[in-house]
Amino acid sequence: MEVLPEVDCEEDVTITDDEEDDDEESSLSNIRITPTVTHIAKPRPQVALSKCPSSYKENSSQEKLMAAMAENFRQQYALLYPDRKALLLCPVNECSVQKFVSTTLRSTLLPYPELYDWEGCASFVADYLSLELLDPPFELPKQLSSPTWVLQTQRGTCFDFSIVLCSLLLGAGYNAYCVSGYATKEMCLLDQSRQECPLLQPQIQDKTEEPKKPMKKYSVKPPRDLHSNFERRQEEKQQAEAEAATLKKQLDAERLQKERERPPPDPLRGLRVHCWVLLLSGNREIPENFFIDPLTGKSYSTTDENFLGIESVWNHQNYWVNKQDCTFGCNEMTFDLGDLSKWEYVLCGQSLSIISDPKTLEEPEDEEEEEMDELKVFEMPPSWVTTIDISPADMEMRYPGGMKVIEYRKAKLEKFAPYLLKDGLVTKLTTYKDLDCTKASTIKEWFKHRSDHLDERELHTDSNVTTEHFRPGRSDALKYHRYVTLVPETERQMDFYSHIRTDGLARRIEKPFEMTETFENRTDFLFYRNAVYGKQIKVIRAGEALEQRPLQRVEERFHRDHSKPASKDVAERIFVVSDRRIQVTFHLEDDRIIPAWLNFIKPKEAADSQKAQAFTPQMVSGFQVDPSTKPYTNLQLYEMLVELMREEENVELHIRDSEKEVRSILSSREKEDSNTDLLISIYNPTRNEMARLHMEEKERMAKEKKQRQKEKELDLLAPSQVRLGLPEVLTSQDALQLKTDCLNEFKQQLFNKASLIQSRIEKETEELQKKQLWYQKNYLTMSNEDEDDYLAYCSDAMFRIHVLKMRLIRHKERAPQKYLALEEKLKRHPRLASHFL
Amino acid sequence: MNWQQDEPKVIDEEMLKQAIEEQGPQGQAGDISKKEGIQYEDVLQLRLDYRNILKIFHLWHFTSLTKLQLDNNVIERIEGLENLTNLVWLDLSFNNIQVIEGLEALVKLQDLSLFNNRISVIENLDTLQNLHILSFGNNAIAQLENVLYLRKFKHLRTLNLAGNPICEEESYKTFVTAYLPDLVYLDYRLLDEQTRETANTKYKYAVEAMQQNELQEQQAMEAQKISNEELQLHKDAFVEFLNGPQLFDSMFDEDPDGEKLALLPGMEALLESYPCKMEALCVQIFDAGLTQHAQRTAEVESFFTCSHEAVADNRQKAAQIAADFESSRRQKIVEMQQITDVELLEDNISSCQEQASQLSETLMSLELQLVDQLEDIFKDFERNISDMVGGFIEYVHTFAQCRDLENQHHEQQLEIALATLEKVVKNELEEEIPDDMAMVSGKHIDCYKDTVTNAVSASHDTHLLKIDNREDELLTRINSWMSGLLKSIHDEEVKRNRKRVSEIRNYVSYVKDELEDMRMSEHH
């Protein structure tokens, strides 16, 4: 009968669990709903230092040894190079404990595919953290926090940035180092306002020039050129001169412009401390050494002029001090860390030989010595930092507070986490006409997860033209839309995903009095239709007056239909509605240069007073390429004309349909823009409410089922039954006895529990009284410390007694209920139920 | 209509005219067509039902007819349909036809109805491979095997055999389903899966065996086709039957003396080595022939691509010029129609005429330029191809080596023959000797010697003749090929040029006529 309370306990536990879940989710949803507008990082709940693991708060023996060695190194270094600045060797961490910098690196590979290569890592670090400037800018930081701390607070100095990035890169298998040195002001202050925005740089197009066709053996010679060579050369010369002049002017103007934009010289140039990451070639198919600036996530060549000097580099295994001259920047630095004349190491050891010592391979005798050495070698202690972990939610939020603003030269880039903004905006790039960024010239926005599939929108403020790109998936198959206003019958261009549309429409260009449509892959080979309108007039149709523009001229063009002979295959037909004429041009026959055509004049329809005009051969004129072919008979011509007149009506219907479609697209676009939903993937459990509820429901069901199973297995009667020695099949006498026995036992247990609690209370009280007595006796001679102890004990004991009393009360309250519950349960027990019905 | 009382008729002009007028266009179109008269060649559909027709006649003019209905007549023989090669639909139901015939030329036929006739055998339809729908209902077909004949129609989807004696048979439906697996409708009904399954299980092995046979036949055909193609390639290279001992075999095939001489002792060794050498030489020529052929083909191809490119290029340019002119001309005409001032119009017309002449000049010079260019490359091509042919002909003189070989062989043969003769004379030869030699053994030695020498040289001459013939054949054929090719290229070019020139003239004269008309109308 011990099991019952256990069940109760578990129930309690599950309830609290659920509550916690709910809390978390509600906080998540809060984050989603309320986007922070300011750029200032949202103050994260400060992580209590006391929660840090012990390795953060104290040094192991190895680490102490390492610190001592570092101190030794520092002293020697200060002695040898009194002019040079102190090195960053053992700064304190967030718990104010000195740690060697190499042990602060914690190589980690996170389970996000985008962090598997250096570009992804660098841009992630640049996006995820916000910068705290060094103060003063020419001093090393006094504190170097652990990567976990930095990632939690999402803020740090350039050193913190580098440590995090280097940890990720090492985890991804790169040969990465942190570099402590000096850089330009722009670099240190993360000032990109003089750089072009990378999104604006023209994408380098793959120039896949068509391989020049090999000169074929029998290619015809071009006709002889009868122009004077001399004249041509003179002309060329003149042109070249003019070009050179304009080019020079342009260059001058550019130079002037640059001169004007140049920043004032930096008084601290060369003194500003910076920290960045060095990637050495070799691992992961890196062909050449290069730097990564962790603040921007961009890569630079090792000779870049932004980097002014290097003091030291380190990875998780060793620390090297630069002995090369950096007066003229890093231009001539070599990064062969094994070269003792250029780099001084702190720990001699295996890491050196790994990085570069080809000699060991060549001289086998040395190997033994090396091994001997290695035995003595002191290895870098393992990192004191716990594993770096980033939650998927944080990964998705990416920027501190979900957004980030970067200012470039004449441009401002704003980035947002997906789902942060209601309209699905993820990136917004504003370019300006002036350096002060006051007059916007274009605004380009990128969206994600929008239900209207809008992907990109660009607005040119000068011409007021908006262009929009859509991803596939819209019911109207719209792909691209360029417009000034969303009013119909104005200038616009719409492109469509033609393969989705039944009419194969690829593009529709509208001008105030013209509409041109192009088609692709139609079965009737139509590929072009152009309609010209006249002035708007009132049309009365179906009893209501409509404003409609009358058609004046419609032109249609067709591709060649090879199932028909060329001279019967229509290439172009023009309906001149205003003139009552129809022109048909046929395709060119093979080896012909002039197509056949026919011009029809439409006979007049029957009017009130007149009869319909009869068809006469004079209504048709045309040209036949081959005079020897049989001319059309009048019947054929008449049938053609009838067919064309019917087509004319169809074409008009098509055009009116197109107009209607344009209007419907425009109105739906307007609606969509004012009220956008975001699409949520069914694989996104945190956002998809339905999926989440469904999953929770499923989990709950599974849990309940499990519990029921457990209850089922639990036979309340078994112990009593065994004790009473009763058979499997019970008589009603036995059953009654069994029941009372069972109940009695439970009662006894409840009672026992109550008495147990009672006895504990008594015991506690007794002890407390004893202590009080003791205190009363000795309180005069007691030291302050003892007194404090005593007081602490007292309050503790009082608390314990209080808890026990509460428990007793609760137990007493619940005991009768529990008893009744058991009784009920026994009544319904399968083996007893039959006897108590 | 009381057609039953009418006399049986033959299709005649009057009947046709009436039918056409009845079935032709109505309303305004009908008036126009009546005025113009209808050409039999243009009629696409014709219905001649319920007219008591006995004999099909007078239909040979209707060459573009696609649909012909001759149902409900008393036709006894299918005839007179040979010219209607465009027919897609033919209805001969409710007639008195007994034998299927006279349909061989109607290869485009898709729908054929012979419903309610007296046909007992399905036959004579082999050429009608496009058949989709076939109706043989209410006939006298009694043998289930007739269905097997329909297996060759790969497009057949609908078949009607209802009302025939074979339908009485129990296995009729399953049999047809099994042997015509592509059929969709049988006797007005869709063939469902169940029927198919039962049919398949019932006739599985028979059908499989049949399929196997058909497959083998097909494979044999394909193999035959491939070998034919190969032979054609060899023929195109003018070296057919030179890749083996065929030439040698033919040398000895029609050579009675050689056969006898081969029986002489010692000849065996000689005859063993000779074909090998001969064959080696032949194969040499053969290989050279094939490679040279490939080279020639490549050359011809490159010439044609280049000349076609040049022509297409030129055509595009000319077409552009013409199109530009045409659009500007149309605009001009519209403008001129607005002009009322006679003199101004006159000016305009003459300027237009000038422009037309200018256009003609431009197009003509473009054409002339193309002709020059093509002539240049044609000359190059002619030179190259004749060089190639010359090279091959030179190589073909390897046949001289064959002749040498033959001469050698001849000498050795003669030697052996004479030696044998000596032995015979001395009676040293105990072995069996060829009959006729034994016969002559008693004759005078000189006479005998002559005979032997004659036989040997006769054989030699035959062999040499064969070789010479082969060589001559090769040379004549390659030369005629070359001259034919060059001539055809030249002719084509001339034809193209004529066509273009006449086209330009035609257009320009049309334009000028139009202008002239305008002027005339203005003057009146």
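Keep in mind that glycine also has a Cβ here, set from the backbone N, Cα and C atoms.
Listed features, source TrEMBL:
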{"type": "COILED", "residues": "A:688-715", "note": "coiled coil"}
{"type": "COMPBIAS", "residues": "A:1-26", "note": "compositional bias 'Acidic residues'"}
{"type": "COMPBIAS", "residues": "A:222-240", "note": "compositional bias 'Basic and acidic residues'"}
{"type": "COMPBIAS", "residues": "A:249-264", "note": "compositional bias 'Basic and acidic residues'"}
{"type": "DOMAIN", "residues": "A:274-344", "note": "domain 'CEP76/DRC7 peptidase-like'"}
{"type": "DOMAIN", "residues": "A:400-681", "note": "domain 'Dynein regulatory complex subunit 7 MORN'"}
{"type": "DOMAIN", "residues": "A:729-835", "note": "domain 'Dynein regulatory complex subunit 7 C-terminal'"}
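Across the compositional bias 'Basic and acidic residues' (A:222-240), DSSP assigns 12 helix, 0 strand, 7 coil. Over the domain 'Dynein regulatory complex subunit 7 C-terminal' (A:729-835) the predicted model carries a mean pLDDT of 86. Each residue in the domain 'CEP76/DRC7 peptidase-like' (A:274-344) gets a DSSP state, and the totals come to 3 helix, 28 strand, 40 coil. DSSP places the residues of the domain 'Dynein regulatory complex subunit 7 C-terminal' (A:729-835) in helix, strand and coil in these numbers: 97 helix, 0 strand, 10 coil. Taken residue by residue, the compositional bias 'Basic and acidic residues' (A:249-264) breaks down under DSSP into 13 helix, 0 strand, 3 coil.
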